[in-house]
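**Student:** Mind looking over this structure? Questions follow.
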Amino acid sequence: MQRMLIPTGSKCIDSLLGGGVETGTVTQIYGHGGTGKTTLCLMLAKNAAEQFKVAYIDTEGLSGERVRQIFGDERLFSNVFVYEVYRFRQQGVAIQEAEKLCRSEKVKLVIVDCFTSLYRSELEDDRKQIKIKRELTSQLTFLLGMARKYDVAVVITNQMFTDVGSGVDRPLGGPSLEHLSKVIIALERSNELRKATLIKHRWMKEGKSCFYRITDRGIEP
């Protein structure tokens, strides 16, 4: 099946992805705070909303001002179904609701921003850790199945943690998230600029990087 590409609107990021985010699979964007993960998601949502509907699961509280900066035309934002979730269990319910929209509406992009923030807060309870980790994997497995079944692009953002043993910063979720995400982009600070690196892709060259700035208009170039 010929997959569609949804452009991010950033020349830097689109060059790494071969034109944009691919439908039929899961793309993971990870990085520390302030690297532009949500900005990139909003840019993707705007581009998709010009022709299709978008399901946006928001776990961190979208800034209304940032939405206005990126979208400009509020009528375009009416094509975005926003789910605000505050607990990890609600996130699973919202994902199920997004699947219904893929069936009933012209949804071509599903975003979960951030996929791991509510999971991370639940991890503080040691008694729940195994159950919570299984649920996270289950949610992403469901999203991947949804992407393939309805040929939609699924984009998740992921936070970082410092590995106590090695002192190295790593994305949350471990090998399961890495395996189920078929495309992975790492965002990081690089002095006054930001740097995007393609960690994993099915057909583009991995390891390539580019530099960008975060502005009122989004990610440039």
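Each Cβ is built from the backbone N, Cα and C atoms, and glycine gets one as well.
Pulled these from Swiss-Prot:
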- GLY31, HIS32, GLY33, GLY34, THR35, GLY36, LYS37, THR38: ATP binding site (BINDING)
**Student:** If you draw a 10 Å sphere around the Cβ of HIS32 (ATP binding site), how many other Cβ atoms fall inside it, taking every protein chain shown into account?
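**Tutor:** Taking all protein chains shown, HIS32 (ATP binding site) has 12 Cβ neighbours within 10 Å.
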**Student:** Looking only at GLY33, GLY34, GLY36, which of these binding-site residues has the biggest number of Cβ atoms within 10 Å around its Cβ?
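**Tutor:** Sorting the candidates by Cβ neighbours within 10 Å, the top entry is GLY36.
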**Student:** Non-local Cβ contacts of LYS37 (ATP binding site) (under 8 Å, 6 or more apart, same chain)?
**Tutor:** ILE29, TYR30, GLY31, ASP113, CYS114, THR157, LEU187
**Student:** DSSP on GLY31 (ATP binding site), three-state: which is it?
**Tutor:** strand
**Student:** Could you name the residues, excluding GLY31, HIS32, GLY33, GLY34, THR35, GLY36, LYS37, THR38, of the same chain that surround the ATP site, i.e. Cβ within 8 Å of the Cβ centre of those residues, in sequence order?
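**Tutor:** Checked against the 8 Å cutoff, the neighbours are LEU187.
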